[in-house]
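What follows is a single structure, written as structure tokens, with notes after it.
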Amino acid sequence: MSLKRLLSLVVVLSMVALISLTGCGSKPDSVTDATPEAIKYPTKPIILYVGYSAGGSSDLLCRILAAKMESYIGQPITVVNKTGGGGWVAWSEMIRSVKPDGYTFSLINTPNYPLGKYDTANPREYSYDALDVLVNHVTDYNVIAVRNDDERFKDFKSFVEYAKNNEVIAGSSATGIMSDDGTIIDILNKDLGTKITIVQTAGAKDNETLLLNKSADILIGNVSDVFTGKNNEDFNVLSVFSPERIGLMSDVPTAKELGFGEIYGNSSRGYAIPKGVDSQIREILVDALDKTINDPEVIKQLEDMGAETEYIEGDAYIKFLEDGIRRAKGVYGIE
Amino acid sequence: MIVQAIQLFFTPEVLIACIIGVIGGITVGALPGLSASMAVALLIPITFKMSPAAGLVLLVSVYTAAIYGGSITAVLIHTPGTPSSAATALDGYEMTKKGKGLKAIGIVTIASMLGGTFSALALLFIAPKLAQISLKFTSLEYFFIAVFGLTIIGSLAGKSMVKGLMSGMFGLLVGCIGLDIMNGTPRFTMGIINLESGISLVPAMIGMFSISQVLISVEEIRKGKTRILDEGVSGLQGKMIPTKAEFLKIFPTILRSSVIGTIVGILPGAGSDIGSWVSYNNAKQFSRTPEEFGNGSMEGIAAAEAANNAVTGGALIPLLTLGIPGSGVTAIMLGGLMIKGLVPGHKLFTESGNITYAIIIGFLVANILMGIIGLLIAKQVVKVSVVPMTILCPIIIGLSTVGAYAINNSIFDIYIMIVGGIIGYFMRKIGFATAPIILGLILGPLAEQNFRQSLVLSRGNMFGYFLSRPISIFLAVLVIISLFSPIIMKTFSKNTTESTPADTAKI
């Protein structure tokens with residue numbers, strides 16, 4: 001028995017064990033019937049790639065979607081976590097080696113996916129159109145929050161005044177263009193003349209902890225990050241950086257209505273497939289996504305986690321992504 | 001409210017969830033690679049259909065039971081089921097080789113049960129007060145905790161201190177691989193995207209511990225040794241339950257380790273793996289027989305085990321009271337809580353108090369149940385150590401490969417496991433310990449990140465910042481004591497009694 005054969009046996013065994021573990025019964029990469037005329041789709045479970053580890057907010061979103069989508073598309077959706085590279089392990093694989101047969105689709109996150117190409121420290125080769133982008137699911141707008149008992153900042157105006165003359169510290173989990181939080185901080189420093197210093201952290205939860213333990217002065221994050229803290233009256237959310245007030249926090253004013261101009265920022269999550277998927281299959285998939293995302297039960301589950309559903313499809317979604325890219329490029333002066 | 005909670009706990013759905021959680025958790029934990037975090041993550045969608053109390057009891061039961069289950073294989077076949085059991089493998093496997101596997105499992109079980117129960121009681125009675133600890137620690141304190149953990153490298157070194165330090169340095173170096181946390185620049189990734197998030201801990205650990213052990217066993221098979229047990233050991237011996245004298249010896253260790261574990265658990269970002277190492281180090285320093293550590297010390301096993309299970313309850317404290325997860329697994333649980341409409345905070349203990357207390361009672365019962373089940377199955381599982389190695393080795397390879405793949409669904413991780421196994425094998429052959437590498441890999445990134453964060457937080461005045469933080473000063477003193485305690489102990493013991501020369505035959 002050659003070592004190679006043994007190894008491949010072991011690998012196959014591991015795949016089988018994994019599949020039985022995640023509760024789906026057929027092989028993920030088996031060859032599909034090559035009959036393009038009669039579309040019978042889907043005839044086997046569909047795989048959903050998540051570029052982040054199990055249990056995180058991206059993963060949870062996909063697992064909620066997967067649980068419900070089965071009833072609309074008729075086959076189980078298996079969530080597979082392909083972690084690493086800030087999501088790019090999953091996306092690179094989607095672009096390079098996943099077969100465009102409609103049996104694998106992927107979560108895509110902004111800003112990581114569309115702006116990866118413009119990352120100065122570690123640029124990626126692909127722009128957003130390397131995949132066929134389908135629909136947006138949730139948009140998580142940026143907010144600024146402080147501790148509820150912090151006497152220095154009562155509202156956004158008093159914060160800006162303070163921060164013009166004093167250094168304030170905020171946590172952020174990525175830098176510059178690759179971070180929606182970091183980008184907002186750069187906009188505030190540039191346009192409003194604030195002096196905000198960034199502490200790099202490993203994730204949104206760390207930023208929240210830094211604020212609570214008084215290491216950081218402010219938290220610039222997303223609605224979902226401050227949702228719990230606001231409900232517990234630990235955080236005072238000063239402003240939201242969105243075009244209009246948002247449903248989950250309708251009492252929080254936008255920066256625009258406070259007279260600070262169009263400062264917008266968000267992190268959003270949507271779905272994409274490899275290019276070249278049959279148009280009928282694509283339509284079935286988009287239809288199922290539409291029904292699942294707009295299912296009241298799913299909307300409610302996400303609201304409980306602090307995530308606001310914003311369904312966008314087709315050209316409007318492409319425009320949404322392009323707007324985001326243009327805005328970020330503008331901030332950093334990228335051509 | 002407590003009465004209501006108890007009534008809620010004793011509904012069939014919640015009880016069944018607790019029992020299934022414990023049995024499932026032990027099983028998943030025992031399989032290498034299938035860690036507690038993975039089990040909890042995969043179970044969350046299943047809890048969608050369950051009542052809030054049942055769903056969360058299932059998750060907390062799986063959590064603590066998986067941490068325990070991982071230790072069984074660590075003791076019997078030198079294959080830690082989860083990273084939290086790596087410290088247990090050091091002494092547990094030595095006991096198994098001497099035919100005392102049953103006693104080792106007994107101590108693992110009792111220590112895990114007591115540690116877990118201790119943390120559950122802390123969670124039940126003084127959670128809100130303890131939660132404040134998690135806000136007292138910032139980056140600088142974490143940095144010192146990481147350094148304190150690293151000082152243990154000296155005591156893991158085996159025969160040669162220099163070789164131990166070299167192993168530790170190698171671990172720290174490997175820990176540097178990946179994206180730089182401050183500016184996102186790739187370090188030592190050689191353009192391989194899978195390396196951007198660093199060398200995955202679990203595959204590296206499986207390689208260094210399990211695969212290298214299999215390679216050594218294969219070599220021994222060729223020499224004619226067929227079982228794990230050392231030559232001259234006729235068979236399984238000893239009782240499962242420790243004698244009164246033994247119990248009295250390990251009980252103070254268990255108590256101290258439970259406190260350490262609970263506190264480490266409360267600290268956000270420090271989980272069971274760190275808790276077990278810190279506690280192991282502490283137990284060795286307090287022990288009257290430190291030379292036994294690494295050669296089958298019951299205190300060593302008890303310390304690591306009481307601590308890693310105490311972390312579970314500790315980690316739930318800031319999760320439930322502040323919404324800040326105390327460990328990686330509880331970070332995953334946060335999602336499970338939120339989906340059930342249970343928003344962490346003081347309201348959790350008042351408005352939905354009956355559910356919350358039912359979950360805590362479930363966690364308490366799960367820890368006790370885990371101990372009972374563990375003691376019942378111990379006599380059977382320990383027979384693994386008399387299974388011929390020709391059968392055992394292929395099974396370990398198979399399970400390890402599945403585990404390494406499953407953690408990130410990545411073939412690349414299998415390569416990491418194989419490379420780790422080969423490096424581990426040759427290092428052990430020439431007298432280098434592998435545990436310091438794993439320790440460096442766990443604590444190196446933690447130390448680096450927190451040191452660089454505290455540089456920013458100090459606003460340019462690092463020394464003044466350090467002096468303004470009493471906990472940091474205390475921890476820095478601990479680090480210094482830990483570094484120099486062997487020298488201090490030596491002079492001290494010379495003055496009192498002449499200690500017996502240490503048995504340093506093993507690595």
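Using the three backbone atoms N, Cα and C, a Cβ is placed for every residue, glycine included.
In TrEMBL this protein carries:
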DOMAIN    B:15-439  domain 'DUF112'
TRANSMEM  B:14-44  transmembrane segment
TRANSMEM  B:56-77  transmembrane segment
TRANSMEM  B:104-127  transmembrane segment
TRANSMEM  B:139-158  transmembrane segment
TRANSMEM  B:164-181  transmembrane segment
TRANSMEM  B:193-216  transmembrane segment
TRANSMEM  B:322-343  transmembrane segment
TRANSMEM  B:355-378  transmembrane segment
TRANSMEM  B:384-407  transmembrane segment
TRANSMEM  B:414-443  transmembrane segment
TRANSMEM  B:463-484  transmembrane segment
Restricting to the same chain and to residues at least six past its boundaries, which positions have a Cβ under 8 Å from a Cβ of the transmembrane segment (B:104-127)?
64, 67-68, 71-72, 75-76, 88, 91-92, 95-96, 239-242, 250, 254-255, 257-259, 261-262, 265, 296, 298, 301-303, 305-314, 316-317, 320-321, 349, 357, 360-361, 363-364, 366-368, 370-371, 374-375, 378, 381-382
Determine which recorded stretch among B:14-44, B:56-77, B:139-158, B:414-443 has the most C-beta pairs below 8 angstroms with the transmembrane segment (B:164-181).
B:414-443
On average, what pLDDT score does this prediction assign to the domain 'DUF112' (B:15-439)?
88
May I ask whether the transmembrane segment (B:14-44) has at least three C-beta pairs under 8 Å with the transmembrane segment (B:56-77), counting pairs 6 or more apart in sequence?
yes
